[in-house]
Amino acid sequence: MRDIVIIAMIGVCFILATQSRIAGLFTYWWFGIFRPHDWVWSSLITDLKLPLIAALLLIIPCILQRIIPRINHLISVLMILMLGALLLAKLLNGCENMLGFKTTTFFSLFLLFYIVLLTAELVDNKKKLFWFVAIISISIAAHSAKGGIHALLTGANNYGAENLTGLFAGSNAFALGTGVLLFFMIFTFQFINSTLIYENTTKWYNKPIVLKIYKILFIVIILGSFYNIVSLQSRGSFIATILGIIIWIALHKYRFRIFIITSIIVVLGLSVIPLPEGYNERIASAFVEEEARDNSAASRPHFWKVAVDMVEAHPLGIGPGCFQGYYNRFDSSNSLYGSYRSVHSSHFQILAEAGYFGFFIWVCLMLVSYWKLYKIKNQANEYIKDQESQRFYIAISNMLICSITVFIVGGAFYEYAYNDLIWLIFGLTIAVERNINKDIAEEENLKKVIKKRDRSETHRPVQHK
């Protein structure tokens, strides 16, 4: 029965993707995050390259309609430069034939960057922006909220969970992805009943009682997803998410009120909800002296040192996905932590694999994104007169600021530099800035029209009877 439902959903999405480019975009990212084909037992379906089909249903019609990514944005330029740095490192020091390791291919990165920039082109108004964020939220919530609620009800410890594939394979990836996208869920909760989304039309799906149900569901989703991070016992992701929540509260207009409400929820939660067994000890192990750390925490500084040694030997980088292949050459521990290990840090991953220039671009991408998002907040306060639109741009900027922060902190401990999420956030930053600039231009044009009309009425000759 589940197979029939999922196959029907896939079929409907593919049909819609052929008719609408925005539907094709939503379908692609739904496949990337929810991964409906993983819910199907039939090998006939799982053997098909459905994500590739979803990508082609997006890209080919866009090309035929001459919808291509614009690269006149600073973040777009930086992404292209990053692609160039990775290509150069791949050509000079790539490791395709090194011990049979499967490396990140240049084509897959090119495809990711192309679709991210295409996303920035297609979500060209506030309504599309909201529904795009909502689909991303619901797609991850189908996994994260379910996992958190199950752990809460059963007292399960999900540490080491390997039940997901794709972007969230492994407990650390699942926890970090949930932490990054938690703020997408919060934003969706904030605007699920906004007049911006439904354009003042009343249907069955946006009646007041239905909107209240949406709100309640998203409260459950947000709390369940947060507990999912707790149950996965990913120390870096938990610390990063807490920091992101603190920043979100600090950025909020009603920060004091939100702080009080959050504090009450935390106190009540800690007094009522039991933490998974061994949770306190695992989180505390991230802050103990070096001798008392577990093997996972103690080995990371060594892997990071290996990354530094690699870039000193290869300043232009060793190529995307090649850290494992090069590890034994630069390991100075006599295999104390094993052979062909991962770097366990997105930032050191970029340093080793893209070189000094690639790492400089990586830092610039983070800083420029922060700068653009704070600029958008200032523009919203100064130029956007409609209160709901102003609130929208401020809230979505806060969402992206917090998501980037969670990735920067959490990604410092896990190897996810080529994960779709951070690049998607860069693309959404481009989209939000283009949308607010368009809205500001429309308001300025409206002012000019009104001023011109008033001037013409003032100078209109008086007709005498």
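Each residue, glycine too, has its Cβ placed from N, Cα and C.
The domain 'O-antigen ligase-related' annotation in TrEMBL covers 222-363. The transmembrane segment annotation in TrEMBL covers 7-30, 50-67, 74-92, 98-117, 129-153, 173-192, 213-230, 236-251, 258-275, 350-371, 392-414.
Tertiary neighbourhood of the transmembrane segment (213-230): same-chain residues 137, 140-141, 144-149, 151-152, 158, 174-175, 178-179, 181-182, 185-186, 188-189, 192-193, 237-238, 241, 273, 275-276, 279, selected by CB-CB distance under 8 Å and a gap of 6+ residues from either end. For the transmembrane segment (7-30), the partner stretch with the most Cβ pairs below 8 Å, chosen from 50-67, 74-92, 129-153, 258-275, 350-371, is 50-67.
Nonlocal intrachain contacts for the transmembrane segment (350-371), taken as residues 6+ away from its ends with a CB within less than 8 angstroms of a stretch CB, comprise 74-75, 78-79, 81-82, 85-86, 88-89, 306-308, 310-311, 314-323, 326, 343, 400-401, 404, 408, 417, 425-426, 429. Beyond the ends of the transmembrane segment (74-92), by six or more residues, the same chain brings 106, 109-110, 113, 116-117, 120, 314, 316-320, 353-355, 357-358, 361-362, 364-365, 368-369, 372, 423, 426-427, 429-430 to within a C-beta distance below 8 angstroms of the stretch. Beyond its flanks by at least six residues, the transmembrane segment (129-153) meets 25-26, 29-30, 33-34, 119, 123, 161, 164, 168, 174, 177-178, 181, 184-185, 187-188, 191-192, 194, 196-197, 220-221, 223-232, 273, 276, 392, 396, 399, 424, 428, 431-432, 435 of its own chain at Cβ-Cβ distances under 8 Å. Residues 172, 175-176, 178-179, 182-183, 186, 226, 229-230, 258-259, 262, 283, 286, 398, 401-403, 405-414 of the same chain lie 6 or more positions beyond the ends of the transmembrane segment (236-251) yet place their CB under 8 Å from a CB of it. Mean pLDDT for the domain 'O-antigen ligase-related' (222-363) in this predicted model: 84.
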